[in-house]
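The structure appears right after this line, and notes come after that.
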Amino acid sequence: MSLGPLKAINDKQLNTRSKLVHTPIKGNTADLVGKENHFKQTKRLDPNNDHHHQPAQKKKREKLSALCKTPPSLIKTRGKDYHRGHFLGEGGFARCFQIKDDSGEIFAAKTVAKASIKSEKTRKKLLSEIQIHKSMSHPNIVQFIDCFEDDSNVYILLEICPNGSLMELLKRRKVLTEPEVRFFTTQICGAIKYMHSRRVIHRDLKLGNIFFDSNYNLKIGDFGLAAVLANESERKYTICGTPNYIAPEVLMGKHSGHSFEVDIWSLGVMLYALLIGKPPFQARDVNTIYERIKCRDFSFPRDKPISDEGKILIRDILSLDPIERPSLTEIMDYVWFRGTFPPSIPSTVMSEAPNFEDIPEEQSLVNFKDCMEKSLLLESMSSDKIQRQKRDYISSIKSSIDKLEEYHQNRPFLPHSLSPGGTKQKYKEVVDIEAQRRLNDLAREARIRRAQQAVLRKELIATSTNVIKSEISLRILASECHLTLNGIVEAEAQYKMGGLPKSRLPKIKHPMIVTKWVDYSNKHGFSYQLSTEDIGVLFNNGTTVLRLADAEEFWYISYDDREGWVASHYLLSEKPRELSRHLEVVDFFAKYMKANLSRVSTFGREEYHKDDVFLRRYTRYKPFVMFELSDGTFQFNFKDHHKMAISDGGKLVTYISPSHESTTYPLVEVLKYGEIPGYPESNFREKLTLIKEGLKQKSTIVTVD
């Protein structure tokens, strides 16, 4: 049974009576204390004043948890007594003890000293944490049991997690294998998906706040920084979190705020840390960490290889723009999850890496589905997919009636106090793995490839494109895509056979590319500037005006049922009256791009550029924008500001760096080298995989009766 979203926290006193143990908070609730030394959840932080990294003060401030006295051996409440057991750990404002009821059941008691209560504000914070945690009911979230108080302390009773945290696991093992991280990530995604469905943002997801139960399933705990949104569009503005895990929009969003995406970012940080051994933005001081986060300055060390599929997932999650991060549903569709997937985590995981090599592909898929079911992911994902199918259907209808296609754009915080695996030690949040296995036969390799391509196709959902009215035009475009895709596949085959002799390498010719563009399709159309300085506008009605840079002339291009496109050439001085408005729009965009946009390349017109070129089609995907030019060149502008163009029927690849450096190579030579020479940060192979899938999709002609 699904629960509705939580209501926003208000000032009314909370009823903390649990259904399991009827022991309400007694006395004046104004005496309750909040996490005051957890200053990050309330103060608008200057990054220079993080309490993890503050310079030495004249007088060291005592942690508020130190005010918490050891509870009596027998803790009496109304209707039920508890026997105090071992000390489990402490955080910034609370201490945690093991306690046992009369039946012998053991719990973790998060204990907050009343002496640390200084204001109504801190009381409300503690009540907020209690209310939010009490409302959570998910197999991968630490269960809230009860809340009560005595004369000295407030006690929050929680499900006990006897096997430590992910932080402890990483400290012991140094680095984890991809199969176990797939398992952990799936469970974490299930818990986050549930929280977000209740409009709850955790805001402090980190390895130290995720615990192991008795069966080594994960449980998210510590809701001290959690917030409830009144509605889906509400934003939060408090700078809070743990330095290594904090999202860039939290650091930079004083005016724009942050929302659910901060938890997605933290997931990406944890994923990287588990596979590499430390957080991606780790540095000696907090200011450097913050600067690296704001610049998305991280890389994958060569001495700790992870799969390309894992890198793609991490890079996408750690997108600077929150809107560009994949949703939890989209994350579960990534190819990476189709790798080896265990049925469970063995009890020896804390001391040694599990061996899952014998799990067959088919069983891995079964295990993955089973894990999603247990984490309550499948039900919510299925409804998301229904909505996605509706959007795709509506989009196909739009294209059939010749409209523009628009698709759905598309501080130490209690690191161990919920787990008896913790100690008094304050954890520091710093934190070929899976050798490539040979497949037994070609059939199995083909099955895996098909499964990966199916998932990749889901990533490449167009968010906008120009409408192609002519069926012959669609066939020409599909043929060009097919030709270029075959050229790439042929180059890959040549590379596997040892490459080509220099005499057979294709001659280097820099293609004409799009150097500037403006998408104004909500009114006029799509404007662009080519490396030849020619300016074009692809209007919403499908026609194009291309104004030449080296002559007072222009082309007017429209669809043709026999040729695909037909182009008419005019002198500017002899322009037809009906095209005057078109040229005014071209001039407007030319001035706009000159004033506001910089060229992405130094390429210009070469002597081998005999014909004028225009843009036939553009398509905006989440990973990149794809341009299809009339000379058969395909250009891909990726969201990380790297650009690639495939020309000469797939034989040549052009790379443009974020700093506008441009170079062209035979594709087979780049494949042989393994990356764009001199540009290891280009992530060439990952981008080529996306390019091939984009071309493959466009090779299929979709017609509507």
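Cβ atoms are placed via backbone N, Cα and C, with glycine included.
The feature phosphothreonine is assigned by Swiss-Prot to T23.
Here Swiss-Prot flags 41-63 as region 'Disordered'.
The compositional bias 'Basic and acidic residues' annotation in Swiss-Prot covers 41-53.
According to Swiss-Prot, the Zn(2+) binding site annotation covers E553, H569, H609, D612, on the basis of a large-scale study or a structure entry. When other Cβ atoms within 10 Å of the Cβ of H569 (Zn(2+) binding site) are tallied across all protein chains shown, the result is 11. The DSSP secondary structure for H569 (Zn(2+) binding site) is strand.
Long-range Cβ neighbours of H609 (Zn(2+) binding site) (same chain, at least 6 residues apart, Cβ-Cβ under 8 Å): M512, T532.
For the recorded site, E553 (Zn(2+) binding site), the DSSP three-state label reads strand. Between the binding-site residues E553, D612, the minimum number of other C-beta atoms within 10 Å of a residue's C-beta occurs at E553. According to DSSP, D612 (Zn(2+) binding site) is assigned to coil rather than to any helix or strand.
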